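Residues or ranges marked as coiled coil by Swiss-Prot on the basis of sequence analysis: 157-181, 292-322. Feature annotation from Swiss-Prot assigns compositional bias 'Polar residues' to 1-19. Per Swiss-Prot, the feature compositional bias 'Basic and acidic residues' maps to 481-490. Taken from Swiss-Prot, the feature region 'Disordered' covers 1-30, 470-500.
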Amino acid sequence: MASSPNAPGSHSHTSISTVNPPPPAHTNQGLEIPLETLVSHLLASKRSLSSISTVWRANEIVTSAKNALEESAILQAKTRFLQSGINEQMKTLLKVRKTVEFVYNDGQEDFSNVLHNLDAADARLESTMNMLRSTMVDAAFRPAGEEPRNLLDFVDEQGVEKMRDGLKELIDESKEAEAAFGTSILSFDSDIRSLKSGFKNSKRKTSSYSPIPNHLYTLEGHAQEMASLLSSLSSHFDLCLNAIRHTEGGYAAVRNAASNPPPGAEPVSVSGVMSNSHDDINEAPLTEHEREEMFSILEKDAAEVEDVVMELHDRQNEMEAKHDAILDHVSHLAEQFRHTASVYKTLEGVYQRLPRYILAGHDFRARWEDTKVHINEQMNELEGMRLFYENYLSSYDGLILEVHRRTVAEEKARSIAKKAMEQINKIYDIDVKERNDFKFDVGDYLPVDLYPGISEAPPKWDFRLVEDEEGGSSTPLLERSVVKESFKRDRERHRNSKDN
C-alpha cells in the first residue's frame with residue numbers, strides 16, 4: 001500500500017513489482033483474470049501514466065532549486081561585499097566626523113576664551129570709567145558758578161562706544177559662522193544616523209543559514225523516487241498491455257471500453273497503443289506457468305496503482321512546498337540585497353556631501369582666525385583706552401598733589417617773607433632811632449648844607465607776590481580731605497606697580 005513520503009529522499013513504500021518481478025513463492029493453478037478486469041486494469045494503468053506531469057514538474061522544481069541555490073550564493077556574496085564596504089566607509093565617516101567635531105569644539109573653546117578675556121577687558125575699562133564718572137573735579141579748578149563736572153565729562157566717550165559696537169559686530173559674525181558650521185554638523189549627523197539605522201536593519205536581516213541545500217537534497221530524493229514510481233507504472237502498463245495481447249478478444253474489448261466509458265469516468269485514449277488487428281501480432285504463446293505468473297503479478301500491482309499515483313502527487317505537493325520555501329528565501333535575499341544597495345546608495349550621497357561638510361569646518365576655522373585677529377586688535381585698543389583713562393585719573397590725582405605741593409611752597413615762601421619783613425622792620429626802627437640820636441648829638445654843629453641827606457628817613461623795604469604778565473591768579477586752595485584721598489590713591493598705585 002502507498003504511504004506518504006515523510007523523510008527527505010525516502011524510498012517509496014509503494015512499489016509495483018513489475019519493475020523486476022521476483023519469482024513467485026507459489027502459484028495458484030488455473031489462475032485466470034476475467035477479460036473485463038484486464039481491460040479495467042489496462043485503462044486504469046493508462047490513466048495513471050498521466051502522472052508523468054508530476055515527474056516533469058519535479059524535474060522543473062529541482063532545476064529551479066539548483067538555479068535558486070546559485071542565485072542565493074551570488075546574492076549573499078554581493079550583499080556581504082556591500083556590507084563590508086559600507087562598514088569600512090562608515091568607519092572612515094566616523095573618523096571624519098570626529099575631526100569635524102574637534103574643529104567645532106576647539107573653535108568654541110577658543111571663542112569662549114576670547115569672549116572671557118574680552119569681557120574682562122571691558123569690565124576693567126568700565127570700572128575705570130566708573131571711577132572717572134564718580135570722581136568730581138574740584139570746584140577750585142573751575143570757574144566760579146560752573147555746574148559740577150566729573151572727570152569723564154572732559155573726555156569723549158564716543159570712541160569707546162564705537163569700539164564696543166565694532167566688537168559686537170565681530171562677535172555676531174563669529175556666532176553666525178558657528179551657527180552655520182553647527183547646521184552643517186547637524187546635517188552630517190543626520191546622514192550618519194540614517195546610514196547607521198539602514199545598515200543596522202540590513203545586518204539584522206542578514207543570516208548565514210540557508211535552507212536551500214537541505215531542501216535541494218530532499219527535492220532531488222523526491223524526484224528520483226518519483227521517476228522510479230513512474231517507471232513502475234510504465235512497467236505495469238506494459239504488463240497489462242501484454243496480458244491483453246495474449247487474451248482473445250482483448251483489443252476489441254479495450255477499444256470498446258475506451259469508446260464507451262462509464263458515467264463519471266475519465267476518458268482514456270488508446271490510439272497508438274493498440275494495434276488495429278489482433279492477427280497482426282506475431283508473438284509466441286505463453287506457457288501456462290508464464291501466464292499464471294503474469295496474472296499474479298498484474299493483479300498484485302493493479303491493487304497498488306492508485307496508491308502509487310497518490311504518492312506521486314503527495315511527493316509533488318511536498319516538493320511544491322519546499323520549492324516555495326526556497327523561492328521565499330531567495331526573495332528574502334534579494335530584498336536584503338536591494339535594501340543593502342539602497343544603504344550603499346545613501347552612502348554615496350553622503351560622500352557627495354562630505355566635501356561640503358569638511359569645507360564648512362575649514363571655512364569656520366579660517367573665519368574665526370580672521371575674526372579673532374580683529375577682536376584681539378579691538379581688545380588691545382580697549383586696554384589702551386583703559387590705560388589712558390587710568391593715567392588720566394592718576395594724572396588728576398597728581399594734579400591735586402602738585403597743587404598741594406605748590407600751596408605748601410607758597411606757604412613756605414609767605415612764611416619766609418613774613419619773617420624777613422619782621423627783621424627788616426626791626427632794622428628800620430633801629431635805623432630811625434640811630435639817625436635821630438645822631439642828629440641830636442651833632443646836629444647843632446654840622447652845617448645843614450654840608451650833607452643835605454643827613455635829615456632823610458631810612459629807606460623802607462617791602463615783600464609782596466608778583467603776578468605774571470598774563471594776570472594769573474594764585475594757586476587754588478584745596479580741602480585737606482581731597483588731598484588726602486588723592487595721596488591715598490597715588491600710594492596705592494605705586495604699591496600695585498611694585499607688586500606687578
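Each residue, glycine too, has its Cβ placed from N, Cα and C.
Away from its own ends, the compositional bias 'Basic and acidic residues' (481-490) comes close to residues 138, 393-394, 396-398, 400-401, 404 of its chain (Cβ-Cβ under 8 Å, at least six residues beyond either end). Per-class residue totals from DSSP over the compositional bias 'Basic and acidic residues' (481-490), listed helix then strand then coil: 10 helix, 0 strand, 0 coil. Per-residue confidence over the coiled coil (157-181) averages 91 (mean pLDDT, predicted model).
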